[in-house]
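Here's the structure we're looking at; comments come further down.
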Amino acid sequence: MAASPKPAATTPAPVKSAATKAVTIPTLNAHRAAGEKITMLTCYDASFASLMDRCGVEMLLIGDSLGMVCNGHQSTLPVTVAEVAYHTAAVARGTKSALIVADLPFGAYGTPETAYANAVQLMQAGAHMVKLEGGAWLADTVRFLTERAIPVCAHLGLTPQSVHQLGGYKVQGKTTESAELLKSDALKMQAAGASVLVLEAIPSQLGKEVTELLAIPTIGIGAGPDCSGQVLVMHDLLGVFPGRKARFVKNFMDGQTSIDAAIAAYVAAVKDGSFPALEHCF
Ligand SMILES: Nc1nc(=O)c2c([nH]1)NC[C@@H]1CN(c3ccc(C(=O)N[C@@H](CCC(=O)O)C(=O)O)cc3)CN21
Ligand SMILES: CC(C)C(=O)C(=O)O
Ligand SMILES: [Mg+2]
């Protein structure tokens, strides 16, 4: 039997199109709960921000990778808070929906107080969340920020700001001990109030285990297909970074005739689980 037609509402409900609805922390949690993969890309300017936003990329990261991909440095260490803030403001002007995450660069979060002062700069530039690299030693800092209304994304595994301590950009968490330490760090970040966790260059099995261990969404870059979402550096996705290509990188321009199509293909591949494939994983 056909249902009787609904009576016309006197006040129509506002139309919320996917393109204009803001992505928030509850959105990310709902995606995780529903098993819908979260899409994230790095972004450094307003034009690309607008394009990514229209393609439905849910999170835009003003990564300190900007020092390497925009400015040609050999590492992320020379990047300053002022530089990240400048690019964050540009990205914020270009977006309508995406959740904007800004990296706290090297040297910007040595104490909870300095982390707070620098995170305020990034939030006032337009970030909705800040990201910092490291585990247990940062628990007090993460608590300090989240208690003061600054959402935090933690970053574990290959933490590029520690490149000189790690001895290069190497896969992390390969031994039982280092895998257990990473899990304990992940739990500490969550307990301290982190809303999201980025996992970089770790074995897929560890990415899966950390994701299952936590309640917050995980975003992987070389951390396997079982994270709650994926992130890539936009220059890698477009095949324009001249440096050495990490295993987790896929050039989404292959087979495409426009940047829009490449970004749309990335979003589709993350959503349908075809990226990352085995060849992109450790
Ligand atoms: N363009 C760009 N893409 C990135 O992903 C990125 C940056 N820049 N700059 C900051 C860091 C540096 N990153 C890197 C750089 C290289 C590898 C890399 O080549 N890794 C080896 C692992 C070798 C091993 O331990 O087995 C690989 O084969 O992928 C990984 C991450 C990630 N971040
Ligand atoms: C690689 C991502 C996660 C990052 O931190 C950056 O782009 O700086
Ligand atoms: Mg970074």
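Just so you know, glycine gets a Cβ as well, placed from its N, Cα and C.
The 3-methyl-2-oxobutanoate site in TrEMBL is built from Asp64, Ser65, Lys131 plus one of Asp103, Asp185, Asp226, Asp236, namely Asp103. The local packing around Glu133 (Mg(2+) binding site), expressed as other Cβ atoms within 10 Å of its Cβ over all shown chains, amounts to 23. Applying an 8 A CB threshold to same-chain residues 6+ apart, the list for Asp64 (3-methyl-2-oxobutanoate binding site) reads Thr76, Val79, Val84, Asp103, Pro105, Phe106, Pro160, Gln161. Ligand 2 lies under 6 Å from the Cβ of Asp64, Ser65, Asp103, out of the binding-site residues Asp64, Ser65, Asp103, Glu133.
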